[in-house]
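Notes to accompany the following structure.
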Ligand SMILES: Nc1nc2c(ncn2[C@@H]2O[C@H](COP(=O)(O)OP(=O)(O)OP(=O)(O)O)[C@@H](O)[C@H]2O)c(=O)[nH]1
């Protein structure tokens with residue numbers, strides 16, 4: 001499938017950058033990647049080509065992010081949504097099967113513009129508009145939060161913007177809740193990545209963010225690059241999943257989505273360099289292919305998810321197993337799908353994604369419509385402060 005990615009605000013721009021960097025050379029799936037911010041320096045730090053960066057809001061006094069008032073940013077989003085749609089015309093938005101807006105919830109810039117932008121995109125295009133949203137780590141907004149080292153977080157532990165003596169983003173939870181509330185009913189689905197879960201003990205967000213963004217990008221690529229043959233060449237999946245399958249799983253009702261992922265490096269060639277021979281494709285034993293698929297599926301279902309949740313609460317699910325074609329054992333993949341069905345119930349789709357020229361077998365698991373205590377907590381804080 002073809003995906004258009006739009007990053008808004010600091011986190012959104014960095015995540016869009018990471019997705020662009022993760023796009024497989026032999027399996028392009030991105031129509032365009034755009035980044036939007038009020039702050040020029042944030043845009044300049046991305047590697048997105050200049051034609052696809054757009055600064056908005058000049059002359060409003062909100063350019064630098066120093067005035068982090070979310071309500072004013074919601075208004076700014078409303079007044080600039082059409083301008084942002086126009087900027088997208090520099091690419092080929094009509095070619096996209098879906099749009100993904102990436103944003104860090106808890107900030108004012110990205111969280112302020114995302115709802116108006118998503119609404120405008122839904123009006124302008126037929127394609128579904130998904131949101132990929134990070135949730136703020138507790139140590140960013142709660143001075144008493146344990147940052148995993150057994151102590152309360154330091155004033156600077158969020159590493160984003162340290163106000164002397166307090167947490168760096170005291171309003172992050174309330175802002176995240178307010179933006180989530182506005183996105184409800186606008187976004188086709190909300191894919192969540194919980195920074196709290198992914199920060200290591202004592203780590204600051206600034207330290208962790210590149211690792212988190214790579215992790216996110218890997219999951220997004222595994223899900224959205226799909227099973228088809230990409231550029232129309234190369235092996236075709238046994239069970240091809242296309243944009244409409246993904247649409248069926250993600251839905252159109254702002255379902256909360258968690259992404260699971262697992263991978264394993266495999267040997268794809270016989271290493272006979274020592275004998276002066278060219279490497280040849282290695283024969284793969286059925287048992288080792290089955291074992292690799294089982295391992296990655298297990299990690300995908302039971303390993304660390306982008307959002308901690310009970311998989312049994314999901315309304316729908318999807319399993320994609322990818323990698324070098326002769327490692328994709330059909331029976332093991334079908335077994336994996338049944339394993340996912342045993343927790344999610346009916347409504348699980350499965351497919352494969354052949355990726356010649358790679359040495360990684362992977363499983364991506366999509367759980368749509370999950371219940372999440374973290375999100376409820378943020379929504380409650382948002383509602384109380386409104
Ligand atoms: N995973 C991840 N999360 C990030 C990153 N940068 C920031 N965040 C999270 O996103 C939230 C919002 O940060 P930004 O995106 O920098 O904020 P902004 O939207 O630019 O808004 P302001 O800085 O308030 O003007 C933070 O509270 C963090 O939780 C990043 O690169 N990766």
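A Cβ is built for glycine as well, from the same backbone N, Cα and C atoms used for every other residue.
Listed in TrEMBL:
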BINDING   108, 109, 110, 140, 195, 213  GTP binding site
COMPBIAS  161-172  compositional bias 'Low complexity'
DOMAIN    5-138  domain 'Tubulin/FtsZ GTPase'
DOMAIN    202-381  domain 'Tubulin-like CetZ C-terminal'
REGION    140-172  region 'Disordered'
Max pairwise CA distance, angstrom, over record-listed GTP binders 108, 109, 110, 140, 195, 213: 20
Nonlocal residues around residue 110 (GTP binding site), in sequence order (Cβ under 8 Å, 6 or more apart): 8, 9, 10, 11, 12, 37, 103, 104
Where residue 140 (GTP binding site) falls in three-state DSSP terms: helix
CB contacts for residue 195 (GTP binding site) [other CB atoms within 10 A, all chains]: 23
Binding-site residues compared (109, 213) - highest count of Cβ atoms within 10 Å: 109
Secondary structure of residue 213 (GTP binding site) (DSSP, helix/strand/coil): helix
Local backbone state of residue 108 (GTP binding site), from DSSP in three classes: coil
Three-class DSSP secondary structure - residue 195 (GTP binding site): helix
